[in-house]
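Colleague: For reference, TrEMBL lists these features for the protein:
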COMPBIAS  1-11  compositional bias 'Polar residues'
REGION    1-26  region 'Disordered'
COMPBIAS  12-26  compositional bias 'Low complexity'
DOMAIN    29-258  domain 'Aspartate/glutamate/uridylate kinase'
BINDING   Lys33, Tyr34, Gly35, Gly36, Tyr212, Arg217, Lys242, Val243  ATP binding site
Amino acid sequence: MAEQPTNRVQQEGSPREPGAAPARPGRPIIVQKYGGSSVADVDKIGKVADRVVAAKRAGNDVVVVVSAMGKTTDGLLALARQAASAGGGAAAEPPRRELDMLLSTGERVSMALLSIAIQARGFEAISFTGSQSGILTNDRHFDARIIEVRPFRIEDELARGRIVIVAGYQGMSYRREITTLGRGGSDTTAVALAAALSAERCEIYSDVDGVYSADPRVVPDARHLPELDGAVLQEMAECGAKVVCAQAVEWARRSGVALYARSTFDAVPGARETVVRRFAPGSTASTHSARAIVAEGNVVLARAPGGLRLDALLRAAGELGLGFRDLSFGPGGGAFVIPLLNVPDWQGAKRQLVALLPQIELDEGLASVSVVGDGLTATASPLSRFVEVLGRAGIAPRFTVASPLRLGALVDAVDAAPAQRLLHAAFVEP
Ligand code: ADP
Ligand code: ASP
Ligand code: MG
């Protein structure tokens, strides 16, 4: 006779609130997420399998979320663009629905390989796609948002003693369509599952041993941050620090999931790490301090002359699925920033935007650089210093914004790296 799932009652009841107390007593649940560089080849997948097995041996129930191998997602996107342009027609934009069908396969490859590697080590494991894991999203393709998680199959398999491997970055809409969660979205899968399973913690493994005061690839003097406030990390992620994706931090803050950012390649897992808390010590509003420098390449500045109505602008952005930030608007006109990370085909979107709003002006080839912290507008002095540091280096921002959590400027893309180093020296190093 087939084995019966052990948590039928829970399965038939309404799903638990994210972050609610565990419904099943017993072993703690740990969610681990391994990014693309951690599962880049079969050898690395084997090393991840060893770590997963060690966590299971230590007495935990383990759910593992994986990204696509290495740069697979970029490769699949390039194939889609190639296929779309092959017809020679004007519409060279790959349909978003098909993009999601294609991109979601990347994570499926890694989930199956990791499950095979774990089983080869004598442990029971099973892999699930996002939809099998109960990740339900809205119906936006390419940058869907998770609206509910019903992890019943995962709970059943954990109760059977299995390690569960989940394909990150994907879900299913209420229309039963496969969706993807925006670039870097495997982090979101991990945190949303941790919340729905009332996991003890969510460990995000990548090629860096935590969050630094700037991207260590760009700023050699970047400092490791052992503890970080969720609000500050969310602001960092929204403005380009890709170490943890913004939607994931938002879920963690909302549900109270404890986040640990670690390196897959440390000899001892978590030897050095960043713990992200709702309110980390030393980062309350009273400290008025800069915590990190963040940059995002590939943003566009949209400027609207007076006479263009805000509602017309928002309607056009909505129709084209364009996100925006730093919007300011008044009778004399307005401006806002369009990040291109989750825009699959900017050239196509641009053509349509200009057709809808011929008056709009678009500045390309820009990057945003930001100082992130708290209380940054309590006095004028941080913003004065920000303007002065860039000015002294001959960097002329096209657009400047200030809020308590962030001072930001749009600069020419070539100036982004030196601007980050100068701002780090002026704001974080003293
Ligand atoms: P994964 O593929 O594992 O999800 P990502 O490439 O998305 O990993 O994120 C890790 C990268 O984030 C690092 O290699 C680093 O260059 C970059 N990064 C950007 N800003 C920061 C920061 N403030 N702290 C640490 N890493 C950062
Ligand atoms: N594979 C996806 C990406 O490259 C999702 C992820 O890595 O988290 O964006
Ligand atoms: Mg990532």
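For all residues, glycine too, the Cβ spot is worked out from N, Cα and C.
Locate each feature and note its surroundings.
Modeller: Neighbour count (other Cβ atoms within 10 Å of the Cβ, all protein chains): 28 for Tyr34 (ATP binding site).
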Colleague: If you draw a 10 Å sphere around the Cβ of Arg217 (ATP binding site), how many other Cβ atoms fall inside it, taking every protein chain shown into account?
Modeller: 11
Colleague: What's the longest C-alpha separation between any two of Lys33, Tyr34, Gly35, Gly36, Tyr212, Arg217, Lys242, Val243, the listed ATP-binding residues, in angstrom?
Modeller: 22
Colleague: So if I measure Cβ to Cβ from Gly36 (ATP binding site) and keep only same-chain residues at least 6 apart in sequence, which ones fall under 8 Å?
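Modeller: Looking at Cβ-Cβ distances below 8 Å from Gly36 (ATP binding site), excluding near sequence neighbours, one finds Ser67, Ala68, Met69, Gly70, Lys71, Thr72, Thr73.
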